[in-house]
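Presented below is the structure to which this report refers.
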Amino acid sequence: MLLKAASTFSLLNIHGEKKDISPLFSSSSSISSPVSSGKSGNLSFPLRASKSSTTTTSTLSGVVFEPFEEVKKEMDLVPSGQQLSLARHLYSPECEAAVNEQINVEYNVSYVYHALYAYFDRDNVALKGLAKFFKESSVEEREHAELLMEYQNKRGGRVKLQPMVLPQSEFDHPEKGDALYAMELALSLEKLVNEKLLNLHSVASKNDDVQLADFIESVFLNEQVEAIKKISEYVSQLRRLGKGHGTWHFDQELLGAAA
């Protein structure tokens, strides 16, 4: 028994009745045309389309950014009291306290360097190169403290200055001499500052404060490494020279380099 494939038009009965054949022509995107039946034999059939894509108002990710809705929760974070910082945002109390501690470290080191400057500037010591070096070092450490204070205010923290330790006023050493002893003391202080800065950086990392971590990295850490290297070289040179006439020549070289 042979089966013949029926043509599309055979789906219409002989009496001209229309049957729904749209499933044969449905697509994800086409135009719609009505069925018209005029004279016998001139038939047309519908081409129906359905657009399945969403409107273009939604983004490709399906997430619509609504700024006025999302900012509502941020508005609740803006304090209304006059004594509260408006700029503070994602700044933990632990980071704030660590910055204040570093400010105190910088001021204390600056104070020691200022005492060293005063010592070498005496008329009975008269090592002007060392005096100038330690005076500049004192100013540099004070500027570091001021940078930290400025950053504290930027983040909405409160600067709380702490007491400073009274530095010694005599730096002569019976074996090493005053120049070598003072430079070794300076090297120890710079390494201490470096440790404190690394500790501050770890506090920032622990609290996921990338802004504070970036500030410490970009402003302080590389400069601290350079300072340690420079003072290490000065210590090595003074150890070679001893306490004699070579100290004066070292001081003159330092005075010329600092000028």
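In case you wondered, yes, glycine gets a Cβ from its N, Cα and C as well.
Quantities reported herein were computed from a predicted structural model and do not represent experimental measurements.
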Among Gln102, Gln168, Gln224, Gln237 - the residue Swiss-Prot places in the same Fe cation 2 site as Glu141, Glu190: Gln224
Out of Glu101, Glu106, Glu175, Glu184, which one does Swiss-Prot list together with Glu141, His144 for Fe cation 1? Glu106
How many whole Å apart are the CA atoms of Gln224 (Fe cation 2 binding site) and His144 (Fe cation 1 binding site)? 11
Not counting Glu141, Glu190, Gln224, residues with a CB within 8 A of the CB centroid of the Fe cation 2 site are Val109, Glu140, His144, Leu189, Val193, Asn194, Glu223, Ala227, Ile228
Give me the long-range Cβ neighbours of Glu190 (Fe cation 2 binding site): same chain, 6+ apart, Cβ under 8 Å, in sequence order. Gln224, Ala227, Ile228, Ile231
